[in-house]
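Worksheet: the structure to be examined is printed underneath.
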Amino acid sequence: MSPNHDPTAHRPWRQIQRRKSRQVRVGSVLVGGDAPISVQTMTNTSTADAKATIEQIRRAEEAGADIVRVSCPDEESTAALVEIVRAAQVPIVADIHFHYRRAIEAAKAGAACLRINPGNIGSAERVREVVQAAKDHGCSMRIGVNAGSLERELLERYGEPCPEALVESALTHAKILEDHDFREFKISVKASDVFLAVAAYQGLAEACDYPLHIGITEAGGLRAGTVKSSIGLGMLLWSGIGDTIRVSLSADPVEEVKVGYEMLKSLGLRRRGVTVISCPSCARQQFDVIKTVEVLEERLAHITTPLTVSVIGCVVNGPGEATMTDIGFTGGGKGTHQVYLGGVPAHRLKDEAIVDHLVKLVEEKAAAIRAGQ
Ligand code: SF4
């Protein structure tokens, strides 16, 4: 399957029908409608430390983040936001809890979006002021409902956090913004429980057409959080739900971005960089597959052009996989391996310099794709 062909054209089982949602703007990034599903992450530096925050944003951008969120818990944070927004290439979302003044400051500082729940701001006058600031400064908003911080009234009525309670909370916040004639917002209904989060998003997707920011909150560390997020977000994305994603990991934000992209790439919803198809290796391997793939992925991390490479230990699956990738590599006997280009056997390669050779081929292919060849 060359990435230059539509992989769903003759394969209906690959098609995902995305839910039809309104489109909103987060700075230069469109969210919802037919816009590509964007990948977000969040900084974990002190926002008041603009230098450290900008550095972390830069690394997230290099990993492919489309949008980055920063917390604004105090005035020092919103003061630093001006410099942060100016330095960032991606739109910045300001995460606000309760403090309506922080929201107004963040809007003035150039935040592209405010993550704030209008029901938590306080008086109608304060809501009006925040909405006005958002309108004046071209900010969108995200209503972010979280199972861990549901309104007490809902908890009492429903007994515990449940999908219906999350959806009701989201729609109540939405109604407040609608009453202020503001519809430039997306919604999330996150929970750390994967069943709860998925059911809540399914309910919300039915109940409104606002774009949805999907995520499994507090999913855990890199491995457990990736698995949990992939199950929950995979289920939603596969059924067409989700316009922007954030994978919440107790890990470097760069890992969140990488995992988010891998998820979208697995479902054919985004394409970015090199997708390596490799076998787990076994006694039949004719070269060290695991080590080769480990080094190769690192050496190819800078390439953003979408293309596929197969690295397979022996002829059992190598030639077959090679027919579906741009560049194929299959281990052969006596230290002589086979390289495929466009699915066709191209030349043989000795044991030496496998990685160097493959990197060179990938870079050449990426340049050719960029040049439209
Ligand atoms: S492709 Fe070959 S080396 Fe790789 S797992 Fe299969 S049999 Fe083993």
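Cβ coordinates are placed from backbone N, Cα and C, and glycine is handled just like the others.
Because the structure is a prediction, the values reported are computed rather than measured.
Model confidence over the domain 'IspG TIM-barrel' (21-261) stands at 96, taken as the mean pLDDT rounded to a whole number. Look at TrEMBL and you will find 21-261 tagged as domain 'IspG TIM-barrel'.
The domain 'IspG C-terminal' annotation in TrEMBL covers 276-363. DSSP states for the domain 'IspG C-terminal' (276-363), grouped as helix (H, G, I), strand (E, B) and coil, give 29 helix, 26 strand, 33 coil.
TrEMBL lists CYS279, CYS282, CYS314, GLU321 with the feature [4Fe-4S] cluster binding site. Remark: CYS282 ([4Fe-4S] cluster binding site) has GLY313 as non-local neighbours, by Cβ distance under 8 Å and separation of at least 6 in sequence.
Every protein chain shown contributes to the tally, and the Cβ of CYS279 ([4Fe-4S] cluster binding site) ends up with 21 other Cβ atoms within 10 Å. In sequence order, ILE277, SER310, ILE312, GLY328, THR330 are the residues of the chain that are 6 or more apart from GLU321 ([4Fe-4S] cluster binding site) and have a CB within less than 8 Å of its CB. For the recorded [4Fe-4S] cluster site, residues CYS279, CYS282, CYS314, GLU321 set the reference point as the centre of their Cβ atoms, and the other residues of that chain within 8 Å of it by Cβ are PRO280, SER281, ARG284, GLN285, VAL289, ILE312, GLY313, VAL316, ASN317, GLY318, THR330, GLY331. Sequence-distant neighbours of CYS314 ([4Fe-4S] cluster binding site) (same chain, 6+ apart, CB under 8 A from its CB) are ARG284, GLN285, GLN286, THR330, GLY331, GLY332.
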